[in-house]
Amino acid sequence: MDWQTNEDTVPSGFITEAQIRSVLGKPPASGAWREGDPVGRRKFADIGEFAFEHGEVVPHTHLAYQTYGTLSAARDNAILVLHALTGDSNLNHPAEPGHPTDGWWPGLVGPGLPIDTDRWFVVAPNMLGSCQGSTGPSSMAPDGAEWGARFPYTTIADQVRAQHGLAEVLGIDRWFAVVGGSMGGMQVLEWGVRYPDEVTRMAVIAAPATSSADQIALNSVQIQAIRADPLFHGGAYYDAPDGEGPHQGLALARRMALLNYRSPSELNDRFQRSWQSGISPLGGGGRFAVESYLDFHGNKFTRRFDANSYITLVEAMNSHDIGRGRAGVIPALESVTAQTLVIGIDSDRLFPVPDQELIAEHLPNNIDGDVPVVIESNFGHDGFLIEFDLVGREITRLLAI
Ligand SMILES: CC(=O)SCCNC(=O)CCNC(=O)[C@H](O)C(C)(C)COP(=O)(O)OP(=O)(O)OC[C@H]1O[C@@H](n2cnc3c(N)ncnc32)[C@H](O)[C@@H]1OP(=O)(O)O
Ligand SMILES: N[C@@H](CCO)C(=O)O
């Protein structure tokens, strides 16, 4: 097949300001960034005025979220599932009239699956600062224009405090489990440290206790790729004609990110030196298959994500230091009371296994003693989004103890 860019890909996930307003019942002074798509299954929790760790205040904030299963009368079966950098509140929706198949954890969450929605009430929010329905840079500021680059610097702790606001709206004062991977795993840790009395069990998957210099460096070049795009306009591109924006910069950032998400051996095994039709055997005049793959995902990404949100969320990952203001990483980890499962992936080059070893060593109630579970997978960091059987087996174990 001759792979091309995906110009015809239908964007998904964007909702309008008016649609959010119709759910919240009042002008939210915040919203989503692009017209055209239905609210679908999302609900919106109004969490009011929000003071960011950095000092700024946003007068009206809301989180988009979805629920799966039924909350028990005792309200004791709730599980919070937290997505990674570019995820959303869609966990698993089989195709049905009006809705295509959707969701980023279809092998993990659903009836009869490891997080069995016949038993558990699962809550999946879109994180603060994102662009899939929750308040973020593409939301409207009080002056009637999008926040853009003016949106407050957002930390992992901010995102977790916003999720806590959602828990209050839902009337859930204790989670049976909090589960998440990558950036979601950072948030799981923050939940365990910040709200120890509200988390019974937690699973930290492919995440570190702090973002290291290496990880910050990988993130910073992605941010720079977006800011260097001449169509970025300092983050004020929402009213550009014909939907122009820093699409090339965002696509380049996604290409770079993908290299951290996959393992060298997977790319080598999968694509080898194969090339697209039309390329010369020397490699000129066309694209290697792996280049086409990166182009494909880079272009596709620009159709579902806002560049300012991407910067906000990547900066939030950079902010991650579970020991900040808590006398260091080790005392912070030692303060967690929840039963914990820590999962690493042996081929993860973004958040490698030593990151999870540090966490497991210092969590007092790690179910595997002082070591993490290390999943063998060739898929690198993205393994937690692909290896449903391996991850599911461990989650099942956590929920069963
Ligand atoms: C919680 C969260 O993290 S949510 C965010 C998760 N989602 C994403 O990250 C979106 C981007 N997608 C991905 O990274 C991956 O698809 C994953 C991790 C979700 C799943 O990984 P995999 O099953 O290995 O999918 P893979 O990376 O091969 O991508 C498949 C796509 O690449 C395309 N593709 C494969 N090879 C090539 C190539 N040589 N040239 C162009 N396109 C290619 C496939 O056609 C397929 O397209 P589709 O998405 O329209 O079906
Ligand atoms: N593919 C994931 C990786 C980050 O953990 C995402 O885009 O969110």
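Placed from the backbone N, Cα and C atoms, the Cβ positions cover glycine too.
Look at TrEMBL and you will find 77-385 tagged as domain 'AB hydrolase-1'.
According to DSSP, S182 (active site, nucleophile) is assigned to coil rather than to any helix or strand. Residues or ranges marked as active site, nucleophile in TrEMBL: S182.
The Cβ neighbour count for D382 (substrate binding site), using a 10 Å radius and every protein chain shown, is 23. Residues annotated as substrate binding site in TrEMBL: R254, D382.
What TrEMBL records for D348 (among others) is active site. When other Cβ atoms within 10 Å of the Cβ of D348 (active site) are tallied across all protein chains shown, the result is 27.
Counting every protein chain shown, the Cβ of H381 (active site) has 25 other Cβ atoms within 10 Å. Look at H381 (active site): DSSP puts it in a helix. Among the features that TrEMBL reports, active site is placed at H381 (among others).
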Does R254 (substrate binding site) have same-chain partners at least 6 apart in sequence with Cβ under 8 Å from its own Cβ, and which are they?
H297, G298, F301, T302
10 Å Cβ neighbour count around S182 (active site, nucleophile)?
26
Can you give the mean pLDDT for the domain 'AB hydrolase-1' (77-385), rounded to a whole number?
95
State the Cα to Cα distance, in Å, between S182 (active site, nucleophile) and H381 (active site), rounded to an integer.
8
For the recorded positions S182, R254, D348, D382, which sit with their CB under 6 angstroms from an atom of ligand 2?
S182, D382
Return the members of R254, D348, H381, D382 (the recorded positions) with CB less than 6 angstroms from at least one atom of ligand 1, or none.
D382
